[in-house]
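S.K.: Okay, here's the structure, questions in a sec.
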Amino acid sequence: MENIMTLPKIKQVRAWFTGGATAEKGAGGGDYHDQGANHWIDDHIATPMSKYRDYEQSRQSFGINVLGTLIVEVEAENGQTGFAVSTAGEMGCFIVEKHLNRFIEGKCVSDIKLIHDQMLNATLYYSGSGGLVMNTISCVDLALWDLFGKVVGLPVYKLLGGAVRDEIQFYATGARPDLAKEMGFIGGKMPTHWGPHDGDAGIRKDAAMVADMREKCGEDFWLMLDCWMSQDVNYAIKLAHACAPYNLKWIEECLPPQQYEGYRELKHNAPAGMMVTSGEHHGTLQSFRTLSENGIDIMQPDVGWCGGLTTLVEIAAIAKSRGQLVVPHGSSVYSHHAVITFTNTPFSEFLMTSPDCSTMRPQFDPILLNEPVPVNGRIHKSVLDKPGFGVELNRDCNLKRPYSH
């Protein structure tokens, strides 16, 4: 009889945070919203808060960066560790150290699905439909996958069954699609700057932005709009038609997450050939099933917010069963290892985190070390051939462990 590898049990889980409300502005890391001054990601982007004039100029003005980065580390009995980062900050640390630890410690490093199911069910009474608790569960799940990969000596994508393509091609999200084209990306997605409170004038301004970028980028480069939950159905339909002459590939997340009927109406009334996409701020498997049933062309879960890699794999299966694409919200290595195994993810997102989008910068800088970035808009699978997710934790960051058990 052949010997079967004996896997260790998990000895301890630990949680740190960095950045957030008490830190200096611009910590970056897992909370990529936390950037310094004069950064495109915080420059008059339309949001659900834009209707309040005190909060329309900056997303940080209403507190988008108050949570900070959560870092979860799991240690096996043999001393090996896995870790991951997400956006949950100090409150996520409390949930891990004071509640979720009981479902993690003492389990085999391969018991990822069991731990995941126990975490989901044990937090159901206070997690609702996602949010902070789901971000925290996602971070734990990713850390477990990282540990499992390191213990068995395989990259996470091989644990999922292996790559279905040799490389991942990317579009870039940022304020300058024209610069993204020069860097070799297949497309560029811009934020909208105006919303229903701005009336038809807002539609004209955002459509003019798309027209200008179409002229700069030429006809064959993809252009998309990210509306970040800032619109209502009527406004979104008007904006979609105003941008149709400029060959907009898709219009994204126009409505708040739970407006499923609104997404169905938007899809029904969108210009022919223009895709309707959403999912970044959906936090449960059921919400993605409902989104899929309402005709979304592309589902866009964030693996750090939707329940982790374990849930992302299930979301991809739902999308595949309906002939839909799943293109995760940019999550660096945590989505790279997933999408290279999905047959219904022909491309992926890279979030430009340099202030003016003119240079390539790792998305979760500075918290991750050895984080890969696309070269000519692509990442080859060989770049991912390291155990786990293939990155290291930068312990020189100001990591704080406020709780223990």
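Here the Cβ of each residue, glycine as well, is placed from N, Cα and C on the backbone.
Here's the feature list from Swiss-Prot:
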BINDING   HIS33, ARG59, GLU349  substrate binding site
BINDING   ASP226, GLU252, GLU280  Mg(2+) binding site
SITE      ASP302  site 'Increases basicity of active site His'
ACT_SITE  HIS329  active site, proton acceptor
SITE      GLU349  site 'Transition state stabilizer'
S.K.: Show me the subset of HIS33, ARG59, ASP226, GLU252, GLU349 whose Cα is within 10 Å of ASP302 (site 'Increases basicity of active site His'); these are the binding-site residues I mean.
M.R.: none
S.K.: Roughly how wide, in whole Å, is the group HIS33, ARG59, GLU349 that binds substrate, by largest Cα to Cα distance?
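M.R.: For the residues that bind substrate, the greatest Cα distance is 21 Å.
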S.K.: Pop the Cα-Cα gap between HIS329 (active site, proton acceptor) and GLU280 (Mg(2+) binding site) into the table, whole Å please.
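M.R.: Taking the Cα atoms only, GLU280 (Mg(2+) binding site) lies 6 Å from HIS329 (active site, proton acceptor).
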S.K.: Quick one: pull the CA-CA distance for GLU349 (substrate binding site) versus ASP226 (Mg(2+) binding site), whole Å only.
M.R.: 12
S.K.: Taking the Cβ of ARG59 (substrate binding site) as centre, how many other Cβ atoms lie within 10 Å?
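M.R.: Result for ARG59 (substrate binding site): 23 neighbouring Cβ atoms inside 10 Å.
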S.K.: Within 10 Å of the Cβ of GLU349 (substrate binding site), how many other Cβ atoms can you find? Include all protein chains, please.
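M.R.: Cβ-Cβ neighbours of GLU349 (substrate binding site) within 10 Å number 24.
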S.K.: Neighbourhood of the Mg(2+) site (ASP226, GLU252, GLU280): other residues with Cβ within 8 Å of the Cβ centroid, in order?
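M.R.: Close Cβ neighbours, site residues excluded: LYS189, CYS227, TRP228, GLU253, THR277, SER278, GLN300, HIS329.
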